[in-house]
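Asker: Have a look at the structure that comes next, please.
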Amino acid sequence: ISPSDFLDKLVGVKSKYDTRIRPNFKGPPVNVNVSILMHSISSISSASMDFKINIFLRQRWNDPRLEYHGFEDPHLAVDAALLESFWHPSLFFSNEKAASFHNANFNNHMLRLFRNGDILYSTRLTLTLGCNMDLRYFPMDTQECRIVIESYGYSIEDLQFHWEKHNPVQVDKQLELPQFMLHRLKTGTCTSGYSTGKELYCMYVLYVLQSWVSFWIHHDSAPARVALGITTVLTMTTQSGNIGEALPKVSYVKAIDIWISTCLIFVFAALLEYAIVNVLARQCHDIFAGCGRSRRKVAFIHLFSLCQSDVFHCLHNSPSPHLTIDPESQAIKKDAVHHRCLRHAQRVDTISRIAFPIVFMFFNLFYWFTFIALRQ
């Protein structure tokens, strides 16, 4: 008997095979064994909370009406178009956002019939599946993204899905994720961890360290210190905006929000520290300038009194008094007072060089210990 005649006899018009009725009608449910080969994960989006995956989906079930003994081959590889002539499970992905079959050159389907009535159906799919992510600990988070399979038209009394006992979920050895790390795979659950968090934390640490450079720049170099502080603040603000656009809007505070906000406070505090130093230095210059004017005024009064006394003594033929002023000693005193005043402003920079790193170190210890403990 030819394969065509055999198939006509098996599922043809005269075979009385009814695709509308499930196998074991009014009997035990049909058991469908499912396995998945993950070929690639093209994208995982935190903003839209979904992931795109390319898989080979295999289903295997038994239909006693398709048992055969008159054909010598233990199984038949037939055209997948023949699937419409069989009853097949109404499988769907409940967390699916978009799905498509692959039909380059031909439809990517495979169908095999076995002598005991088993049917193996395999197809290639590209799925965009929803993944509800909890971003409280982002970017130290670990997300579980599920592939949820259900039957659309049958209850568990008629049809039940089971994972294959051996290697139900397989991963292509060449599968790589450029921005993520596939942490663990288990039946029904896909867990992914971020690797970009390390880069983000290091970047903001460098911003904070950059703002501390101003503590070693002289307080008279106002353009350099102000430009450094403002540039760092603007860069961090822009970077935090880009990170916010890549994440969904949520009602809770994320771990990365606390980190960015604190780093921004440290950078702004460094800019504010220079404002304090500049005010102290200007006050010192103003006081010094005022002291100079008052000394010149006192000297003028002494000279004026001297002139008057000279006239008086000349009239009475008596020796005139002498006024002795030492310019060098006056300059030394003025410089000493000036330096003593400036030391108060310089002391703020000296204290900041030590205080800022210590406070930032304590913040890091508190931050990492807290969130690692909460994560566990």
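Note: Cβ is positioned from N, Cα and C throughout, glycine not excepted.
Pulled these features from TrEMBL for this protein:
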DOMAIN    14-187  domain 'Neurotransmitter-gated ion-channel ligand-binding'
DOMAIN    205-282  domain 'Neurotransmitter-gated ion-channel transmembrane'
TRANSMEM  258-277  transmembrane segment
TRANSMEM  354-374  transmembrane segment
Asker: Could you tell me the mean pLDDT the prediction assigns to the domain 'Neurotransmitter-gated ion-channel ligand-binding' (14-187)?
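Answerer: So the average pLDDT across the domain 'Neurotransmitter-gated ion-channel ligand-binding' (14-187) works out to 83.
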Asker: From the DSSP assignment alone, can you count helix, strand and coil residues within the domain 'Neurotransmitter-gated ion-channel transmembrane' (205-282)?
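Answerer: Reading the DSSP string over the domain 'Neurotransmitter-gated ion-channel transmembrane' (205-282) gives 64 helix, 0 strand, 14 coil.
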